[in-house]
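J.: Shown below is the structure under consideration.
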């Protein structure tokens, strides 16, 4: 490396829509179990765009410069002396949330609820849109030979979708309705199919997204009309032969109207899982939820076993993520890529690593 070449070029958010490329020190291993990863691909997530566009998400507020990105894959370039599961040169998917391992949620396996979570690109912690990133070996997952590094960058959103689908307890023979045909919603459709669902209906307000969903993993699609949630739910049930309703409803949109329609379209005794986040507070059809005695759950990120299952599904060929990647851009084009994702272009955009 020439003396004037950047050692750890990073894509840094300084304020709302104010970003820069900054050469930062190469991170050092802080623990004997740490590994240093040369990041090769990073997907742009809606949360990254929200921080860039608004400077905050709920209680997480940008107060100092932060490296963006958390959906990444890469190649191990250095390992700590206690690392046993990885070696230099291994291709890995990065799980970007490091838990404390000591609190009750961590010890119960629900480490996504860790009280001291350090999550990449969630203020104040830096993300993975840099040449190098350090994390513990057990949060790096070696990619099976059947998977490439682009697939690896999709393991983070797939982990989210796997967790949602496991929360919903989708089983063989189930009918599933998924609201939202963005990357996570589409992956919920794919995971539901892998888990044995026989009917999977994708719901979205963008026809082109529904066209993609039908080709990808959904058995049917539904475009809501400008009508009440009750009316759209009835159209959805009757139009797709759902009888009294779907066994499982997943909302991956966070839109209030989708939440309402989802509650109404679920069958009595069915399951409703909220995976999408929208406004902090919305109105809610509590009468319908109670009188149907719905099993209602929230879903947040991923926890024990979700990443491993995501890799197994893709590595074994039971689920494919390649179709979701609609564009790959150079690291130096990251800001333009954020603009395009905000405009709704494509399904999943990847930013190549600093080395290309």
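Cβ atoms are placed via backbone N, Cα and C, with glycine included.
Swiss-Prot lists 45, 70, 71 with the feature Zn(2+) binding site. For 180, 181, 182, 183, 184, 185, the entry in Swiss-Prot reads NAD(+) binding site.
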J.: If you measure from the Cα of residue 182 (NAD(+) binding site), which of the binding-site residues 45, 70, 71 is the nearest?
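T.: Closest candidate to residue 182 (NAD(+) binding site), judged by Cα separation, is 45.
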J.: Using DSSP and three states only, what is residue 71 (Zn(2+) binding site)?
T.: strand
J.: When the Cα-Cα distance from residue 185 (NAD(+) binding site) is computed for each of the binding-site residues 45, 70, 71, which gives the smallest value?
T.: 45
J.: Could you tell me which of these binding-site residues, 180, 182, 183, 185, has the fewest other Cβ atoms within 10 Å of its Cβ?
T.: 182
J.: Which one is closest to residue 181 (NAD(+) binding site) in space, judged by CA to CA distance, out of the binding-site residues 45, 70, 71?
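T.: Going through 45, 70, 71 one by one, the closest to residue 181 (NAD(+) binding site) is 45.
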J.: Can you figure out which of 45, 70, 71 (the binding-site residues) comes closest in space to residue 183 (NAD(+) binding site), comparing Cα atoms?
T.: 45
J.: Taking the Cα atoms as reference points, how far is residue 180 (NAD(+) binding site) from residue 45 (Zn(2+) binding site) in Å?
T.: 15
J.: For the recorded Zn(2+) site, whose residues are 45, 70, 71, find every other residue on that chain with a C-beta no more than 8 angstroms from the centre of their C-beta atoms, and list them by sequence position.
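T.: Nearby residues not in the site list: 42, 43, 44, 47, 48, 69, 72, 96, 120, 121, 127, 128, 156, 157.
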J.: Run through the Cβ atoms and count how many others sit within 10 Å of the one on residue 70 (Zn(2+) binding site).
T.: 25
J.: Nearest to residue 184 (NAD(+) binding site) by Cα, among 45, 70, 71 (binding-site residues)?
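T.: Smallest Cα separation from residue 184 (NAD(+) binding site) among 45, 70, 71: 45.
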J.: If you draw a 10 Å sphere on the Cβ of residue 71 (Zn(2+) binding site), how many other Cβ atoms land inside?
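T.: Other Cβ atoms found within 10 Å: 32.
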J.: With the NAD(+) site defined by 180, 181, 182, 183, 184, 185, which remaining residues of that chain have Cβ atoms positioned within 8 Å of the Cβ centroid?
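T.: Checked against the 8 Å cutoff, the neighbours are 178, 186, 187, 188, 204, 209, 252, 253, 276.
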J.: Going by DSSP, give the three-state secondary structure for residue 180 (NAD(+) binding site).
T.: coil
J.: Starting from each candidate's C-beta and looking 10 angstroms out, tell me which of the binding-site residues 45, 181, 184 has the most other C-beta atoms.
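T.: Most Cβ neighbours within 10 Å: 181.
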